[in-house]
Amino acid sequence: MASPALISETEAWKDLKSHLEGIKKTHLRELMGDTERCQSMMVEFDNIFLDYSRQQASPDTISKLYKLADEAHLKQKIDRMYNGDHINSTENRSVLHVALRASRNSAISSDGKNVVPDVWNVLDKIKDFSDRARNGSWVGATGKELKDVIAVGIGGSFLGPLFVHTALQTDPEASKNARGRELRFLANVDPIDVARNISGLNPETTLVVVVSKTFTTAETMLNARTLREWISSALGPSAVAKHMVAVSTNLPLVEKFGIDPNNAFAFWDWVGGRYSVCSAVGVLPLSLQYGFAVVEKFLQGAHSIDQHFSSAPFEKNIPVLLGLLSVWNVSFLGYPARAILPYSQALEKLAPHIQQVSMESNGKGVSIDGLPLPFESGEIDFGEPGTNGQHSFYQLIHQGRVIPCDFIGVVKSQQPVYLKGEVVNNHDELMSNFFAQPDALAYGKTPEQLKKENVSEHLIPHKTFTGNRPSLSILLPTLDAYRIGQLLAIYEHRVAVQGFVWGINSFDQWGVELGKSLATQVRKQLHASRVKGEPVEEGFNFSTKTLLTRYLEATSDVPADPSTLLPNI
């Protein structure tokens with residue numbers, strides 16, 4: 001008998017639907033009272049501790065989710081990814097970001113070729129170049145050391161590396177290696193972003209890394225041309241070859257741009273942008289800032305989770321458990337969002353990165369076979385470090401919409417502070433909130449409890465917390481390069497699990513194309529209006545025509561053929 005075309009047509013899905021009503025009637029207060037249940041919902045790998053006992057789920061729920069995974073052929077799909085099968089079917093590509101952090105002696109194939117040697121050729125090239133840039137044997141056009149780096153890219157070429165950079169900045173080993181150096185990321189085509197990035201920097205000591213696989217990405221290449229002008233206007237056109245390098249596979253365009261093709265670092269079609277932080281996209285700028293040895297530890301951390309994900313049984317497999325719980329929360333309990341709440345300021349850029357990884361991967365309305373999905377899939381991801389988020393949006397999480405939460409804590413702070421006479425140290429104060437918030441969400445506070453506290457009758461409705469709000473807790477032992485790599489890989493694989501179960505293609509992103517193609521039409525109109533004085537006429541609806549006309553009239557002082565003007569800040 002043929003497999004159902006949609007996962008929602010399977011017996012396991014229908015069984016979970018039937019099971020749902022009983023779970024909805026059971027409060028987390030009751031579920032949390034079962035010690036045996038709680039103990040069964042705790043998993044540890046390599047000192048990473050996952051507690052998902054505060055999910056609206058019983059052991060029976062979890063068993064049924066395993067059956068759903070089996071009917072979705074989850075293990076086979078994971079194996080197909082690792083084997084280099086073209087699981088990105090709409091673009092006919094392998095999905096092999098795991099190869100980017102594989103050990104040198106590994107064998108991972110795409111189209112019959114072991115890609116690991118190519119990966120390590122690029123890593124060795126990055127190590128050599130970053131070592132030379134850091135020790136002063138590669139210098140700028142005027143002989144000065146290149147201590148400042150601007151990485152130019154957008155989307156996955158920016159969010160992932162920025163997350164890792166921000167997390168490493170306060171790590172003792174990494175920060176020591178980065179002393180006297182600066183790494184910035186230019187992503188937005190907004191000239192304000194250019195101004196902020198070059199502010200306070202000297203072209204003589206700045207190296208620009210242009211990240212674009214095809215070297216045609218509109219925003220990235222305009223920003224790259226802007227920085228090329230910034231360098232050449234200060235140091236002369238010949239300086240570009242000393243101050244700009246590329247992460248790209250289009251060597252002819254790299255050379256035409258003025259960058260020496262020998263200073264281009266490759267990556268491959270089997271690397272999706274949002275999964276590219278472990279390629280030259282992230283490894284090159286991060287190695288220039290922190291040294292290759294630190295970044296290699298980051299890669300090793302990601303690799304450790306890759307091995308865990310591919311080999312651990314589902315009951316002990318952290319990414320699989322997280323992915324299945326997300327499917328349960330989204331498609332069965334009907335919760336559309338997820339809050340990512342790291343209790344570490346070093347992880348402040350985790351949520352924006354995972355927002356892209358998750359929402360660009362799983363924000364799909366059709367199955368991998370093109371069938372409309374009759375169920376909800378994908379999550380709205382957002383987050384903020386604790387305790388800042390508590391003073392921002394936790395109000396809604398506690399007393400408004402139900403939003404499942406990921407609490408991420410770190411046992412040992414990167415930068416401990418101790419003050420004599422304080423009741424607890426700064427990190428203990430932070431972690432007090434990490435431990436308290438999940439219970440507040442789960443248990444809530446009843447009107448009866450408030451009455452016992454002599455709360456005024458008219459305030460009781462306002463101070464009541466319904467509880468029964470699901471969360472999970474991840475406790476990391478430390479936050480060094482290795483653990484940052486592990487955390488990244490956990491979330492990458494969690495997202496893949498969700499997509500595999502939902503039966504969607506988590507590795508394409510056709511949704512970004514339509515807006516870009518329409519922007520081409522607008523760009524042509526802006527050029528025609530500025531240069532030829534043509535009014536906004538054909539091809540636009542009334543609303544867009546009105547907005548465009550208003551914009552052009554208000555910026556009529558912009559010259560048709562302006563002289564070069566760079567930000568002055």
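Quick reminder: no glycine exception, Cβ is built from N, Cα and C everywhere.
Here is what Swiss-Prot records for this protein:
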- E360: active site, proton donor (ACT_SITE)
- H391: active site (ACT_SITE)
- K516: active site (ACT_SITE)
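Known features from Swiss-Prot, placed on the structure.
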residue: E360; record: active site, proton donor; Cβ contacts under 8 Å, 6 or more apart: G155, R274, Q509, G511, V512
residue: H391; record: active site; Cβ contacts under 8 Å, 6 or more apart: none
residue: K516; record: active site; Cβ contacts under 8 Å, 6 or more apart: A218
